[in-house]
Amino acid sequence: MIAFLFKRLVWGLLVLIAVAVITFFLSRVVPADPAAFLAGQNASEETVQRIRAEHGLDRPLPEQFASYMIGLAKGDLGQSIRTRRSVSTDLKQYLPATLELLTFSFVLYLAISFSLAVLAARHPGGTVDGTIRLITMIGTGIPVFWLGMTLQFFFFYKLHWLPLGARFPIRETVPPVVSGFLLIDSLLAGSLSAFLASLKHLTLPAATIVVNLLAVGTRLSRAALIQEQSRLYVRTARGKGLSPNRILFKHILRNALSPILTATTMQFGYMISWVILVEVIFDWPGIGLYAYQSFQVFDYSPVIALAIVSTAGFVIINLVMDLLYPVIDPRVQSVGS
Amino acid sequence: MILSVRDFAIGFQREGQNLVAVDGISFDVEAGETFVIIGESGSGKSLTGMSIAGLQPPTAFVSGSIRFKDREMLNRPDAELRKLRGPEIGLIYQDPLSSLNPVWPVGDQIAETLTAHGLADRAEANKRAVEMLERVRIPDPRRVASAYPHEISGGMRQRAMIAMALAANPSLLIADEPTTALDVTIKAQILELLADLKRELALTIILITHDMGVVAEVADRILVLYAGRIAEIGPADSIMLQPSHPYTAALMTSAMISQTPAKQELNAIVGGAPGLGAFPAGCRFHPRCPRAQDDCNTVEPPRRKFGAVELACHHPIEVAMSLQVARS
Ligand SMILES: Nc1ncnc2c1ncn2[C@@H]1O[C@H](COP(=O)(O)OP(=O)(O)OP(=O)(O)O)[C@@H](O)[C@H]1O
Ligand code: SF4
Ligand SMILES: [Mg+2]
């Protein structure tokens, strides 16, 4: 078990290093000069030179790379030219917002895709199954930015039900930071209105992500359920006189969990990439928006940091899932140990 | 009489056609006997056996009557059939590994037979599960109760399946090829166990098999199915020792010829059994029958009684004929 964990951690570390290397060189290949950009159009050559020197951009590429990697090993993600702070400081500020959106969307996605899959798998090929397939397919077919903007149009401009963007109303006081999740912190502060406000702000961005992923998620869960329905232990369960609901919830779901988990892990990767886009659409103050704004001024360090952080997120999720398998399915216990 | 089947038929719709898989099935099962259904693969043994418990495929259409303890089982609402499966009818199957839920401990699966029917609370059911495992002669019942199916041997699994099927004290056990997946020694042990349990618990057993070794071991009466129809039905001794139907005779001969028990299967007869939708006219056995004459190709043989034996054949083997003469 320990050896297994160790192997996975080393593997994860290698992936992270590879991502860092690739994004570093990709960012340097872009024929743009962040120093010039930052100095402005009328800046003198000296000013640009000075900014360049300040950020080490005048040194040769191998040297820049070496110092970046050394910094990285020490946990230093570099400086942001735009915010004039260390990227780590920025991440501390922006990461909780992203994590909250991601977690909320993920839970919503799991709950909805799973319920739809259960409904669809009851009578494969029936009307309910067909309707669910059609609706989720349409949801996936709509481009994310268009979907986000359409939701904004209806729920903000037309109905005035939900806010246009951001994470919290500007005029209200933000609850004291404990977990960094506004939903949790507002409850800890005992403020129901703050809780409802953050919930309202979460709704549209989360809905945009979930609607986009729903078709694949539902289809995968549905397939897993249908496959399990034809297993022989289901015949045994019927032979024992169990009701269809009991067979579904006590036997089939439990067995379908590991294939669904595998599919879900994959989906989580997509979800991370959609979050960045959705943050931009909804002006959500997370690392996606932070990296996007940095990228616009050719401020590289935050962009590389985003790549590393999201890869780390994916690696961690994979590890957690690997650790979950033996809990869910007693037969795979031996693989880890 | 615990079970009475009359003119039972079951079929499927395929490409707009009604294909009858099994028809004209009538037989009675007496309380306390071991009633064996034999026949080649595809002859309709499982369809017949499962329909008794209301477990025919949901796509199938059925007709006729199956009365179990004076209750009509065909077209009975599933909610009512469920109340009978477990407390009245127990079922075991061929492949005990995949027939058990892989992610539940064995004991919990046995206990569920009781809890799901409200026959015991959790603690009591768990206790009962261990008792049942002991009853099916599992040496370390407590350990096996908390083990997962993949952690115990094939023989143990089938014992656990039997414990599960009998936990709620049914009077009828339907066993669909319960020993087919097991090796010879384990097979013998399971058969012995079934015989013991039958005595101890006053069980009636309907056993489905194509293994003549199994038949010889346990059968009180035998039903021979061929291509969805009854070929012959009667006491085990007459069927095994003096078969009157050419098909039964061929079965017995092929079982005797093949030396190793593993080969004691029915498909040793020349040719293959016809599949669903390809049944020949007249007697369905005529293309393979050594005694076939012209009438066999066109006229379906009616079922006739010869003493305790009933068979459907125009030209049965003489032993039975002489029996008939002797008894009339
Ligand atoms: N769900 C189903 N849909 C369509 N046809 C079926 C279905 N179940 C069984 N059949 C057909 O009915 C016939 C009898 O099937 P059955 O399972 O009763 O055979 P069997 O005698 O038990 O054979 P085996 O020894 O292989 O188990 C076969 O031809 C089979 O193809
Ligand atoms: S009816 Fe004819 S073909 Fe059929 S078993 Fe009897 S002799 Fe053979
Ligand atoms: Mg069968």
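Each Cβ is built from the backbone N, Cα and C atoms, and glycine gets one as well.
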Matching A:13-39, A:256-282 to TrEMBL annotations, transmembrane segment lands on A:256-282
For the transmembrane segment (A:256-282): best-contacting stretch of A:101-122, A:134-157, A:302-325, by Cβ pairs under 8 Å
A:302-325
At a C-beta cut-off of under 8 Å, are there same-chain residues at least 6 beyond the transmembrane segment (A:101-122) that contact it? List them, or none.
128-129, 132-133, 136, 181, 183, 202, 205-207, 209-210, 213-214, 217-218, 220-222, 224-226, 229, 248, 253, 260, 264, 267-268, 271-272, 275, 278-279, 284, 286, 313
